[in-house]
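Read the structure below first, then the notes.
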Protein chains: 2
Amino acid sequence: MQILTQPLNELLQQVATRTDKQANKPEVESTVAAIIDNVRQNGDAALRDYSQQFDKVALTDFQIPQAAIEMAYENADQELIDALNLAKRNIISYHKKEIQNGFVDAEQPGVVRGEKIMPLAAVGLYVPGGTAAYPSSILMNVIPAKLAGVNKIVMVTPPQADGVAQSVLVAAKIAGIDEVYQVGGAQAIAALAYGTQTIPRVDKITGPGNIFVAVAKKQVFGQVDIDMIAGPSEIGVIADEGATAAQVAADLLSQAEHDKLARPMLVTPSLTFAKQVSAEIDEQLVTLPRRNIASASVENEGFIAVVDNIDDAFTLMNAISPEHLEVELADAMSYLNQIQNAGSVFLGYNASEPVGDYVAGPNHILPTGGTARFFSPLGVSDFVKRIQFVDYTRSALAKEVKAITTLARVEGLEGHARAVESRFSENGVSSK
Amino acid sequence: MQILTQPLNELLQQVATRTDKQANKPEVESTVAAIIDNVRQNGDAALRDYSQQFDKVALTDFQIPQAAIEMAYENADQELIDALNLAKRNIISYHKKEIQNGFVDAEQPGVVRGEKIMPLAAVGLYVPGGTAAYPSSILMNVIPAKLAGVNKIVMVTPPQADGVAQSVLVAAKIAGIDEVYQVGGAQAIAALAYGTQTIPRVDKITGPGNIFVAVAKKQVFGQVDIDMIAGPSEIGVIADEGATAAQVAADLLSQAEHDKLARPMLVTPSLTFAKQVSAEIDEQLVTLPRRNIASASVENEGFIAVVDNIDDAFTLMNAISPEHLEVELADAMSYLNQIQNAGSVFLGYNASEPVGDYVAGPNHILPTGGTARFFSPLGVSDFVKRIQFVDYTRSALAKEVKAITTLARVEGLEGHARAVESRFSENGVSSK
C-alpha cells in the first residue's frame with residue numbers, strides 16, 4: 001500500500017476528497033425510467049416479463065411460501081442459527097436505546113403542543129442475489145424497523161435458477177420478515193414504490209443493489225422514502241506503534257476484500273509502523289481467498305499516511321469522514337471527543353471492524369464517500385415519522401393575534417390574518 | 001368548491017392520490033448541471049456572471065455587511081420585531097423538546113457501546129427573492145439548526161436591484177444567521193455545496209426556491225444533505241356542524257392564497273355544513289387581495305367530501321396525508337390517536353392553521369404531496385448526525401469470535417474472519 005509522507009495540508013488536499021468514480025449513466029436512467037413506468041401500468045405482468053428477460057426465470061408466483069422459509073430454517077446449521085441469534089440480541093439491545101418518544105408540552109396557559117412519533121406503516125427491503133446476499137444485512141435492516149413499530153416488512157430478492165440462498169431465508173425468518181418475494185432489479189423497486197396486484201406498496205425502501213437498483217431508488221424517491229445510496233466500503237485506522245501491525249493489516253484487508261473500489265486507509269505518526277503494516281498486507285494478501293479484489297483495492301484506492309502526531313491524524317480522518325473508523329491507540333475512548341465525522345467507530349485494540357459488521361449491535365449500514373459529514377448510520381429513527389400538534393384555547397389565541405396578523409401582513413398573506421381574526425369577529429369573518 | 005358525495009371507496013380512489021403536475025423538465029436538468037459545473041470550476045467569477053445574466057445586478061461583493069443588517073433592524077417597525085421575537089421564543093421552547101441525547105451502554109461485561117450525536121458543522125439556507133421571501137420561514141429553518149448546535153449558518157438570497165427585503169434582514173438578525181450572501185438560483189446552491197472563494201461549503205442546504213433551485217438541490221444531494229423538496233401547500237380540515245363555517249372557510253382560503261396549485265380540502269359528515277362552507281368561501285373570496293390565486297386553487301385543486309361519519313373522515317385524510325390537518329371537532333384531542341399521516345395537526349376550533357405558520361412553535365416546513373406518510377416536519381434532528389462507537393475487552397471479544405467467523409464465512413468474507421482471529425493468534429495473524 002502506498003505510503004504518503006507529505007505535510008498535513010497537502011494530505012488534506014490529496015486524500016480528503018475522493019473522485020466520484022460512479023458517474024451518472026444517462027442510458028441507465030432512461031432504461032430504469034421505462035421499467036418503472038411499465039411496472040406502474042402493468043403490475044405483475046411486467047414483473048413476470050422482466051423475470052423472464054433479465055433473470056431467465058419463469059415465475060408464476062412471486063411470493064416464497066412460508067413453508068419454504070420454515071424448511072430453510074429447519075435445515076440450517078445450528079452454528080448459523082446461533083450466530084444470527086446472538087447478532088439479533090445485540091442489535092436489538094443496541095437499537096432499543098435509539099427509540100425516541102414524542103412529547104407533550106403544556107407550559108403555556110391554554111396551549112398544548114406536542115409531537116407524536118409514528119412508525120412507517122410498511123417497509124420494503126431489497127436483498128441482492130448471488131454473493132452479495134448477506135444474511136447479516138437482513139438483520140441490520142429489519143431490526144431497527146421492527147423496533148420502530150413497523151407493522152409490515154417485505155423483502156424482495158432476485159429470482160435465481162437454483163432458488164434463493166438458504167442463508168437469506170434463515171435470516172429472513174430470524175429477523176421476522178412478513179413476506180418474501182422473488183423479484184429483483186429496478187422492477188422490484190418499482191413494485192415496492194407503487195404496489196402491484198401481488199406486492200404491497202411500502203413507505204420506505206432500504207437495502208443495497210446494483211446500478212439499476214440504485215438508480216431506481218433515486219427515481220422513486222419522493223413517491224416513497226429510501227435509505228442512502230451506499231458507495232464502496234471504507235475503513236480508516238488511526239494507530240501508533242502500540243498497535244499490532246498484523247492486526248491492523250488484517251482489519252484493512254477485511255474491508256479491501258469487499259470491492260475493488262473499497263478504500264482501506266491507515267493514518268499513523270510512525271513511519272516504521274507504516275512500513276510494518278504495508279509489509280503485513282503484502283504477506284496476508286497471498287493467502288486471502290478474495291486477494292484479486294483486495295489487492296486492487298489496496299493498490300489503487302488505499303493509502304498509509306504518516307503524520308506528525310495523533311492530533312493531525314484526527315484532523316485528516318475528520319476531513320475524510322470514513323464509513324468505519326478504528327482508533328487503535330491506548331486509552332482509545334479518550335479520543336472520542338476528537339471524532340467529528342465517521343459512521344461507526346471502533347475503539348481500542350480489540351474492536352476489529354468485522355465485530356461491528358456482525359455482532360456488536362450498532363448498525364453496519366453506514367454513510368460512505370465522505371457523507372458521514374451529514375448522514376447517519378441506519379437506525380430506528382429511519383423508520384418513524386414525527387407528527388406535530390397544537391391545541392389553543394380562545395384566550396390563548398387572543399394573546400397571539402397581534403403577532404400573527406403582523407407577520408401575515410408583512411408577508412402579504414391577508415387570508416392568513418383573516419383566518420385568525422375570524423375567531424374574534426361576530427359573524428366569524430374578519431371585519432378588517 | 002366542488003362537493004363530492006361518492007362512497008368512501010370511490011373517494012379514496014379519486015382524491016387520495018394527486019396527479020403530479022410538476023413533471024421533470026430535461027432542459028432544466030441540463031441547464032442546472034452546467035451551472036453547477038461552472039460554479040465548481042470558476043467559483044466567485046461564475047457567480048458574478050450569473051448575477052449579471054439572471055438577476056441583472058452587477059455585484060463586486062456578495063456578502064451583505066453586518067452594518068446593513070444592523071441598520072435594517074434599527075429601522076424596523078417595533079411590531080415586526082415583537083412579532084418575530086414572540087415567534088422565536090415559541091419556536092425555541094417547542095424545538096428544545098426535540099433535542100436528542102446520545103447514549104452509552106455498558107450492560108454487557110467488557111463491552112462499551114454508544115452513540116454520539118453531533119451537530120452538522122455548517123448549514124446553508126436559501127431564501128427566495130420577491131414576495132416569497134418569508135421572514136417567518138427564516139426562523140423556522142434557523143432555530144432548529146441553532147438548537148442542534150450548528151456552528152455556522154449562512155443565508156443566500158437572490159440579489160435585487162433595490163436591495164434585499166428589509167424584513168428578511170431583520171429576521172436574519174433575530175434568527176442569528178452568521179453570514180448573508182446575495183446570490184440566488186442554481187448557482188447559489190452550487191456555491192453552498194462546493195464552496196467558492198467567498199462562500200463556505202456547507203453540510204446541508206435547506207429552504208425553498210423556484211424550479212432551478214429545486215433541481216439544483218436534487219443534483220447536489222449526496223455532496224451535501226438537503227431538506228425535502230416542498231410541493232404546493234395543502235390543508236385538510238375535518239369538521240362537523242359544531243364548527244363555524246366562516247372560520248373553516250377562512251382557514252381553507254389561508255392556504256389557497258399561497259399558490260394556484262395549493263390544495264384546500266374539507267371532509268365532513270354534514271352536507272349542510274359542506275354547503276355552508278362552500279358559500280362562505282365564495283363570499284370571502286370577493287374581498288381577498290390574493291383572490292386570483294386563491295380562487296384558482298379552490299376551483300381546480302380543492303374539494304369538500306361528504307362522508308358517512310367521522311371515522312371515514314379520518315380514513316380519507318390518512319390516505320391523503322395532508323401537510324396541514326385541522327380537526328375542528330369537539331374534544332379534538334381525543335382524535336389524536338386516529339391520525340396516522342399528517343405533517344402538522346391543529347386541534348379544535350381555535351387552532352387556525354396560520355397560528356402554526358407564525359407563532360405556535362412547531363415547524364411550518366412540512367412534508368407535502370402525500371409524503372407525510374414517511375417524511376417529518378423540519379426539526380432539530382435534521383441538523384445532527386449520529387456516530388456509533390464500540391469498545392471491547394479481549395475477553396469480551398473472545399466470546400463472540402465463533403459467531404463472527406461463522407457469519408463471515410457464510411458470507412464468503414474470509415478476510416473478515418481472519419481480522420478477528422488475528423487478536424487470538426500468536427503472531428497476530430490467523431493460523432487458519
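Including glycine, each Cβ sits where the backbone N, Cα and C put it.
Values in this document were obtained by computation on a predicted structure and should not be read as measured data.
Over in TrEMBL, the protein carries these features:
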- B:Y126, B:Q187, B:N210: NAD(+) binding site (BINDING)
- B:S233, B:Q255, B:H258, B:H324, B:D357, B:E411, B:H416: substrate binding site (BINDING)
- B:Q255, B:H258, B:D357, B:H416: Zn(2+) binding site (BINDING)
- B:E323: active site, proton acceptor (ACT_SITE)
- B:H324: active site, proton acceptor (ACT_SITE)
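B:E411 (substrate binding site) falls within neither a helix nor a strand when secondary structure is assigned with DSSP, and so counts as coil. Closeness to chain A is evaluated for the recorded positions B:Y126, B:S233, B:E323, B:H324 by Cβ distance, with values under 8 Å counted; no residue is counted. Considering other CB atoms within 10 Å as the measure, the emptiest surroundings among the recorded positions B:E323, B:D357, B:E411 are those of B:E411.
When secondary structure is read from DSSP and collapsed to three states, B:H258 (substrate binding site) falls in the coil class. The NAD(+) site in the record is lined by B:Y126, B:Q187, B:N210, and its two most distant CA atoms lie 12 Å apart. A straight line from the CA of B:H324 (substrate binding site) to the CA of B:N210 (NAD(+) binding site) spans 22 Å.
Cβ neighbour density within 10 Å is lowest for B:N210 among the binding-site residues B:Q187, B:N210, B:S233, B:Q255. In the three-state DSSP scheme, B:H416 (substrate binding site) falls into the helix class. When the Cα atoms are compared, B:E411 (substrate binding site) and B:E323 (active site, proton acceptor) turn out to be 44 Å apart. Apart from B:Y126, B:Q187, B:N210, the residues listed for NAD(+), the same chain places the Cβ atoms of B:P128, B:V156, B:P158, B:G184, B:G185, B:A186, B:A188, B:I189, B:G209, B:F212, B:V213, B:A216 within 8 Å of the centroid of those Cβ atoms. Long-range Cβ proximity for B:H416 (substrate binding site), meaning a same-chain Cβ under 8 A and a gap of 6 or more residues, is found for B:I404, B:A408. Secondary structure at B:E323 (active site, proton acceptor), as computed by DSSP, is coil. Recorded residues B:Q255 (substrate binding site) and B:E323 (active site, proton acceptor) have their alpha carbons 11 Å apart, per Cα-Cα distance. Cα of B:Y126 (NAD(+) binding site) to Cα of B:D357 (substrate binding site): a distance of 18 Å.
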